[in-house]
Structure formats: C-alpha cells, structure tokens
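K.L.:
One structure is given below, represented as structure tokens, and several questions about it will come after.
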C-alpha cells in the first residue's frame, strides 16, 4: 500500500489545479469509493449486514433498511494502528499529521492511567528496538558475510552463518562446563598437580594421540574425582551429570527453535507466496548504499537472486512438459540409482568395522606405523566421508531434480552416511573397549576424530585447493576436475559431523567444547580464505531457506544420536556394575541418583515416585493433547489469516493498477473547469461573498 500512496501522491501533484492538498487522505474523497478493494469489501459487508438485519427483523427487531442505515452511519474511519509509530505507517505526510492530531485527541479524552500505560508501551517498544539494533551491530563478521553474499549468493552466506551459530553454541557449552564441572573440581578436587608435569614417557606426540600427559589432564573423564564436596545431593558425580544434561537439553531447545522458525519462514515465503521479477528488480535495491563497493555487492546479490528465479522457472517448465513414458523411465532410473546408493553405504560400514578392529589392537611397531594404526579408524571414516558424498552428488545429477532438490538429496544421503558411520564406530568402541578406564579410551577416540577433521580441513584448503588455483586452465588436471567451487552440501556436512562428535564426546572429554570453539574459529578463517581466494561463483544458484532448515534438522539428528550414546554406554557398563575411573568410580548413575533420592524428605520422595509412576502418565497425556490441540487451532487460524493477507496483497495490486489508469486518463483528457469536485474538497471551498 506504500506504493499505492506514492502513485496517488504523484496523481495529486499532476492535478493540483483541481484538487486541494487535503485530498491526500484518499479515504475522504470519491476516488476511494471506486477502488476495487473497497468495492469488494463493501459488497461482502453489505451482504453480511443484510443477512444480519433480516435475522434481527424475523426475531422482532427493526426493519433491515433501518438497521443497515443506522449501522452505516455508525461506521467511520478509525485509526486501527494507534500504537504503531507514525514513521512506520504507510501513508503520506498529511495523513501522518492527521493521525498525530487524532492520537492527541484520544489522549485528551482518556484518563491519566490509560495515557501513562500507552506511553510506557511505546517507550518499551522503542527500547527493545534500539537493543535489537545494538545487538545486530555487535554480531561478528558482518562485513565479511555481506561480502560473501554479494559475490557467491545467499547460499554460501548461510554456511558461514551456520558456522557462526555453532561457535556461539559451543561457547555456551563452555560456560556450562566451567560452572558445573571445572569450578567445583578446582575448589574441591584432590588431584595432585604433579600429574600435569612431563614424565619420562611423555612426548609432544601425546597431544596428537591423546595419551601420556594429555590423558592425565582435565581434558578427559578420568581426571575428575569426588573430592571434598561429597554430600548426598551435592557432589562431583551429580554436578558432572547435571552439566552434561544441561548441555543436551539446552542444545535441544536451541536447535528445535531455530528449526521451527526456519520452517515457518520457508512455509510462508517460499511455497505459499510468489514474488515476481518486477518486485525483485524495482524493490530490491537498498537506497542507503553510498559506497561503490557496496553497490557492486548489492548488484551481484540481485543478479544471483534473478539467476535462481529463472533457473527454477526453467526447471518447472521442463517438468510440466514430461510425458508418461518419460516419467516411467525417470522413476526406474531413480530406483536403480537408489539401489547403488544402498550398496555403497553397506560397503562403507563394512570397511569401518574392519578398520576399527585393527586400530584397537595393541601393536609394537615403529612410532610412525603405530601412529597410523591408532588413526586408522579416523582415516577410514574421513576417507569414506570425502569420497562417497562426491559419488552421491554425481548420482543426484542423473536423477533430474532441481538444483535445490539435488542439494537436499545429497545432504540427506551424506548425513545418513556420516551419522551412521559414527554410530557404528561408537557401537564397536563400546563393545570392544574393556581396558582400564574405558571412558578415557572412548574420549581419546573422540579427541582424535576432532583433531584429524581439523587437519583434513587445513590440508584440503592450503595443500589442494590453493595450489589448484594457480594451475593454468589448459592443464589436464584442471580440465578433468574443473574450477574449484564452494560445495555447500559437503561443507555443511562437515560442520554437522564435527558438532555431533563434540556432543558425543563431551561426556568422555569435558573440555571438548573448548577445543571445538578454537577449531571452529580457525575453520571459519580457513573457509573464508578458501572461498574468497580459491573458489569461483556457482553458475547455478540454489535457494538457501529450505536448505538452512535441513541444516538444523540434520543437526537435530546428530544431537539425538549424541544423547543416545551415553545411555547405551550406561547400559553396557551396568553389566560390570561399576565404572573404573572418573567421578563415578566404583559406582553407577543409578546408585548415585538413588542415594540422593533417599536423602530427600518423605514428601519429596512421594512426589518423585508419583512422577515416575504409571498413574502420572494419564494426566501427562491429557495435558499434551490439550497443548497440541491449542497449537493446531492456532496454526489453522494463522493459516486463514495468511490467506486473507494474500487476498489483501492481490487487492492492493488491483488498487495500484486502478490508480495508474486514473492518472493516465486524467493526464490524457482535457481539463474541465466545471468538473464535479470531490465532496471533501467542496466542503472546504469558501462560499462566494464570504470574508
């Protein structure tokens, strides 16, 4: 409607000789009654009023025409946006002045407390708006993300936004670890500092392998003991478990929230609302840009958006022209390709199984061979995760999907590969690791996975991609491999995989989130160097909104697997009835929690027993049904509201076209001084002979 106001403002200027400036408030003029939106609403309102008045007349009320006339007289222009700031109202300056006068009249008519309440509400909104702006200005790498978006599109930018979100998430994990685990251990721990000194068997390689000095440090599970803080419900084991549970639940809340918000945004904007090219061209420019580089970035962003739009329209046209025979052949081809994917996944899992059995065996080889054997499982998992996603990418290109669907299909297959390979590796570790302090051994394996993933990212950027940039285009290797491009699906898969490793290993390696923050920060700058110095922009773009939802959904799957891993480990540890090291030494989770529960008052114990009994299941189920029903009802109401807003947008477009036609007609037609003037103007015209 803001554009309609602008068009109507130019219309007022062109016919200023016949209309006064007060006609900017178009609801007071006769042209307002001719708008298509007003006529449509008036016809619906008239039918509703006639039906309502006829029902009242049957029940003994007034006549329909009398009721309709009375209600029509009672209706008038109202300021429905009385609490909205004047600068946000889509009306001209004269209309804003009138709205301000009406608000002053309303304030003078209401009481003191109501006026104070409205002023405080407006002030709170302004404060929150300023706080949001200040928080947005403090976000790091804002200029870098804007530069990447201008050169490579919003899809590549979504990867770096996702990486920044993971850094924030791990920083929050570090705060929880410091409060629940490191703080109590530092104040009440009994570990000697001599353990943190270099011994005769220690070496620098221990920082790569996770043994020696590093195994005795606070990095791993075995370092933490009960200490002097040894109450029934306040001790090191319970604080350790509480810290891990807080990390899991807080991560679950944050990831689910971002997934739901992204899904709502995608559902409303991508599938349900069509935005034409004229909107992208004429309304996509940012008029606050003052620098030439920013203008070039904005032009590049609009160009990439138009490429994506045209690519999707081209694919939809091609899809609509398929015949029945072409569809059958395509479905058969997709079935065969999916069978190939299943066979590749089975072979990868078998290879991981054999490599895990070999790496866990003791060996007396040379230190180089021993180091390679200890890293055999991470090498195998990383190699499989590097090769098979490339094969999946080639397979998805033969399935004749759109580029966005190809990206999502590759993501789904590759994340299943990564999570399933990690899950199988953990299961083999739980089954085969039976040495002293098995929790430390599992933590060491997670530590080696993180270190090797970081080394792979570093070497791939500086030893493969960067030298590849300096190859001549005539080189045979460059012609075979093609130009280096930033492959978003595989980069996001690496982030989801490494974050899943952080979540799985935080129980066995409490300082893993701190290691993760450092590694993710370095990975951010490595990937920034790679994308700006070594990569070229994609010729085909894909929409990032649906893929960002898939990013967080895959992260949610990794979190579920990370939460299930300690539960499986606890179940396997119950067979031996004890844990050999750490805060739960010679105990289990059940014994520690049972001791705490028995020390509580009887009333609290009864409440806990009721909450864990089957009698509480029925009210819990009823409460969930009520909550879900309310959410479903709200969803339906919001869906109807969205449909009404779409109709309003369509009618606004009709109003714009009507105003443009009226403007063109008045410009082409001769000026008639005896033309009938609008009622609002005639009322303000002074009478002849008036002073």
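Note that Cβ sites are derived from N, Cα and C of the backbone, with glycine treated the same way.
Heads up, here are the entries from TrEMBL:
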- 437-545: domain 'TMC' (DOMAIN)
- 54-82: region 'Disordered' (REGION)
- 669-691: region 'Disordered' (REGION)
- 165-183: transmembrane segment (TRANSMEM)
- 204-225: transmembrane segment (TRANSMEM)
- 237-256: transmembrane segment (TRANSMEM)
- 331-355: transmembrane segment (TRANSMEM)
- 367-388: transmembrane segment (TRANSMEM)
- 409-430: transmembrane segment (TRANSMEM)
- 442-466: transmembrane segment (TRANSMEM)
- 511-528: transmembrane segment (TRANSMEM)
- 549-568: transmembrane segment (TRANSMEM)
- 610-632: transmembrane segment (TRANSMEM)
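Let's see these features in context: how buried, what's close, how far.
P.N.:
Listed as Cβ neighbours of the transmembrane segment (165-183) (distance under 8 Å, sequence separation of 6 or more from its ends, same chain) are residues 218, 224, 239-240, 242-243, 246-247, 250-251, 254, 258, 495, 499, 502, 506, 510-511, 513-514, 516-517, 520-521, 524.
Residues 169, 172-173, 176-177, 179-181, 184, 224, 226, 229, 503, 506-507, 510, 513, 552, 555-556, 559, 562-563, 566, 583-584, 587, 589, 592-593, 596 of the same chain sit 6 or more residues outside the transmembrane segment (237-256) yet have a Cβ under 8 Å from a Cβ within it.
Through the fold, the transmembrane segment (442-466) approaches residues 208-211, 214-215, 219-221, 374-375, 377-379, 381-382, 386, 425-426, 429-430, 433, 484, 494, 497-498, 501-502, 504-505, 508-509, 512, 515-516, 519, 522-523, 526-527, 529-530, 533-535, 569 of its own chain, all at least 6 residues removed from its boundaries and within a Cβ separation under 8 Å.
Below 8 angstroms of C-beta separation, residues 141, 144, 148, 159-160, 163-164, 166-167, 170-171, 173-174, 177, 218-219, 247, 443, 446-447, 450, 454, 457-458, 461-462, 491, 498-499, 502, 505 of the same chain, each at least six residues beyond the ends of the transmembrane segment (511-528), sit close to that stretch.
Counting only same-chain residues 6+ beyond the ends of the transmembrane segment (549-568), those with a CB under 8 A from a CB of the stretch are 158, 162, 244, 248, 251-252, 255-256, 258-259, 262-263, 266, 408, 411-412, 415, 419, 422-423, 426-427, 430, 492-493, 496-497, 499-500, 503-504, 506-507.
Within its own chain, the transmembrane segment (610-632) has no Cβ neighbours under 8 Å among residues six or more beyond its boundaries.
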K.L.:
For the domain 'TMC' (437-545), what is the mean per-residue pLDDT, to the nearest integer?
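P.N.:
Across the domain 'TMC' (437-545), the average pLDDT comes out at 80.
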